[in-house]
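What follows is a single structure, written as structure tokens, with notes after it.
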Amino acid sequence: MSETWRLDRLVLQGFKSFADRTLLDFPDPVTGIIGPNGSGKSNLVEAIRFVTGSRAQDLRGEELKALLFHGAKTRPPQGVAEVRLELSRGRERLVVERRIEGDRSQLRVNGRPTSAKALALHLAGTGLGRGGYAVVGQGEVGAVLESPEAQLLAHLEEAAGLRPVAEAVRLTEERLAQAAALVEEREKALKALKEEVEALAREADRAKRARELSLLRLRLKRSLLLARKEALAEEAQGIRSRLKALEAELQGLQEAMEALLSRKRGLLAEEEGLRHALEEAHLALKEREGLMGEAGSLRRVLQALDRPPPPEPGPEPPRPEEAPEALRARLRSLREEIRRKEAEVQRTEEARRRYEAERARYEERLAARLEALREREALRPEVEALEEEVARLAARLREREGLEARLKEVEAQRKGVAKERERLHRLVESGADLHEGPRRVRGLSGVLGVVADLLRPEPGLEQALEAALGPRLQWVLVEDEEAAKRAIAHLKRVGGRATFLPLTLLRPRPLPEPKPFPGLLGPARALARLRLPGLPEEAVLGVLFGDTLVFQDLDRALAYLRAGGGERLVTLEGEVVERTGAITGGRVRAGGEALSLRRRLDEAETEERALAREAQALRERLSAFPHPRALEEAKARLLSLRARLERPLPPEPKPPEPPEAHEAQGLEALREEAARLEALLQQAEAHARFLERKRAWEEWERLQEEAARVRARLAELEKALEATRPLAERARSLEEGARKLRQALKALAEEETRLLTRQNHLLAEREHLRLTLARREAAWEEVERELAELPELPRLEGTPRALQARLAQAEAELEALGPVNALAERALAEAEEKLKARQRELDEAVEALLRLEAEAKGVEAEHQKRLEEAFARFQEAFRRYGEALLGGRAEVRRTARGLGLVVTPAGKRTQDLRLLSLGEKTLGALAFLFALGELQGGLPIAVLDEVDAALDEANLLRFTRFLRSGRQFLLVTHQKRTMEACHALYGVTSEEGVSRVYAIRKEVVHDL
């Protein structure tokens, strides 16, 4: 078997906290470094990393100065640091030195300066150096399994030496990307150039079409002008012929107009004579209308005068002695006096009625006063009795309030105790103070309970008995060994570990009673009870406690031991004195809390039941007391009676005065006088009516005479109207003749209008034709001028309209073309030459890209082949190391993102890395790191900084067995088991900021 590298010596001075020259030899396979936190143990590990090529940033420092000794209370800082590491492989020796001076560091190998890359070659096969896995720093190992899958694959590539290949693959991919980008850029440029050529071709076509359209437009313009010239000459000739015809027609119209005006003058003279005659007839008719109006008025007057005669007045009645007005005035005065007298009589009657009412009220008030006096005398004894009842109820209610206050206090205490009991119950039920195994088997069939749940110590002995039991407090009491086997199988499935005590396998040995001794409280087995009835209490407690005795304090326990006692002793404060004389004591976290917690739960349940009984008794007592409403009702009745008793008596009433009497004889005399005056007034009114009828009869007779005069005048008017009746017929005849003359004049006017209209139309047409002729002649001259400006081109056949349409179409097409590039054809030729050159360049770039892709595929294939070979070796190594460190299964799989790890510790089924304990994650990470080291030829050296800090007892045993694998281990640890596995130990201390190293004898370690 070939020899491997080993660490021989580490020498450092001025590095971090090691101010003095410090030398550590490593002749043994496993060397441990121990010491308190902050003493500088990890600085030794960082010194190894530093001398093997790590940078300051990897060693908790931003720059090299951070790695120098910065001074202490009695020591100045140092500006130089030096670390030397000596390794050997058989007869081969390797000495690596690194020195810091200011901001620079120097590397030397075997006394010669070297570079970091050369140092990595020298350290090949040791696992040391940057990227090596031989040194695992504090806190690094736990994060390995939680790294992303891509990061795990990167670790594998680094360990397999494939990082340069991966870097080459990456560089090739970058070059491919750059080449593809270049090809894409050239393709875009070629595409743009092609588009430019196409655009120039379109521009050249447009320029050619524009030239053709311009020539066509000139020919069309010339042809159109020639056609328009011919049309204008022909149109001018037609206009001249039309002007001659118009002149002849205008002459005829002038002659017809003169004849019409002569006839019109004769008709107007005749119309004037008829008009004078008609005016005279109209005046006579107006006089006749005035007579007819007068006759109508007289007929209406006559109709108003013709009325029936009024009744005759008859004989004249006797004349009255006085005038009616005087009689009415006297009667009004008398009636006023009568009303005054009647009011006095009414007031007298009302006074009498008021007197009678006041008399009745007086009698009622007098009776009410007498009734109130009688009621007051009757209320006094009732008020006294009710006052006594209120005092009695108040006393009872004060007693009730005291009981209610006590009930509220008891209820509040019970609720507080209930909440505390519930909290303690949840805490006990959750098993937070139990280990994982005992907690998971509670409730299984055949499991009676955990010792911590079943044991009930005497008050005040919880801490002592918990110290006496130690780990036995977590034992599980079961019915028989079958129940224990079922529980163990359950724990194998779900995880956890526990110790079971079957009742069928109890073998308690007989224990003698101890002799009395000062401070001895008794055997521990006799100071506790089991909570479940029916169990063999004495046997169970004997197995759990054995011969353990409980003492009041440590001094008396030690006195008992010195006096020859051979039992195991425990004190009230939890100190334990073993039979061998070993003493365990000090302050522990949560000492006695498991049993005290359950005692507090029992006390809380007992106190809650007692408070509930007391509350029920108080409620029963309260049911016998009157309700507070009874007192309020009694007080209300008392207040009502007192109010009635203290109510003031009605005042004593005074009798009313009777009203004065009034005589009614004067009122009767006034009424008789009023009757007499009314009779006289009726007689006077009858005489006045006679005089009125007499005046009406005389007025009627006068109107009859006026009606006779109106009839006579009406007869005269009728005769005059009869004489003027022929005037109407003459007026109608004259009007008919005037109407016919007007019709004839209207016809002449219409004819005159027609002739004038036609004459005006002809004149307007003549002026229009003359103007049109002038315009056509001017247009002809303009066409001649335009033709002179145009070049001589062949004429196109067609009508002016067709030529104009073709010209408009050509101009529209030419305008649609817009501005054209006259140099487009020359630019097109140049662009086509440039396009051919760019196409050749693109073809060359594509060919280069294909060659580069072929190279990339070759590199990638080689990388994948070597990665698969490395993965196969790593997979086997990880399985082997996982089995050695975890006692279970460790697998690694390739995934789409990188590497996937599957770790199943011994006795567990879980494969989820998140469900592993911290210790299991640590061992899994160590297996991963050592497997990576196999890819580098194995890890002959392993420097581990507190990787065992999170390991429990079982995992520590596996770890210490792994230390015997043949490698050289340098361990920084706090674990006693790890120290025991070391062949040599160094202790590190710190005094005033300066670290020192001491060699420790192995036998001293065994005594720790």
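Even glycines carry a Cβ here, placed using N, Cα and C.
Sequence annotations record features per position, and here TrEMBL assigns coiled coil to 176-270 (among others).
For 304-324, the entry in TrEMBL reads region 'Disordered'.
Taken from TrEMBL, the feature compositional bias 'Pro residues' applies to 307-317.
Among the features that TrEMBL reports, coiled coil is placed at 324-427 (among others).
Marked as domain 'SMC hinge' by TrEMBL: 445-561. Here the domain 'SMC hinge' (445-561) has, by DSSP, the following mix of helix, strand and coil residues: 54 helix, 23 strand, 40 coil.
Averaged across the coiled coil (594-621), pLDDT for the predicted model comes to 84. The coiled coil feature in TrEMBL is assigned to 594-621 (among others).
For 667-758 (among others), the entry in TrEMBL reads coiled coil.
The coiled coil feature in TrEMBL is assigned to 821-869 (among others).
Here the coiled coil (594-621) has Cβ contacts under 8 Å with residues 403, 406-407, 410-411, 413-414, 417-418, 420-421, 424-425, 427-428, 433-434, 452-453, 455-457, 459, 462-463, 465-466, 473 of the same chain, all six or more residues outside its ends.
By number of Cβ pairs under 8 Å, the coiled coil (821-869) is matched best by 176-270 from the list 176-270, 324-427, 667-758.
Proximity of the coiled coil (324-427) to the coiled coil (667-758) is established through 3 or more Cβ-Cβ distances under 8 Å for residue pairs spaced 6 or more apart.
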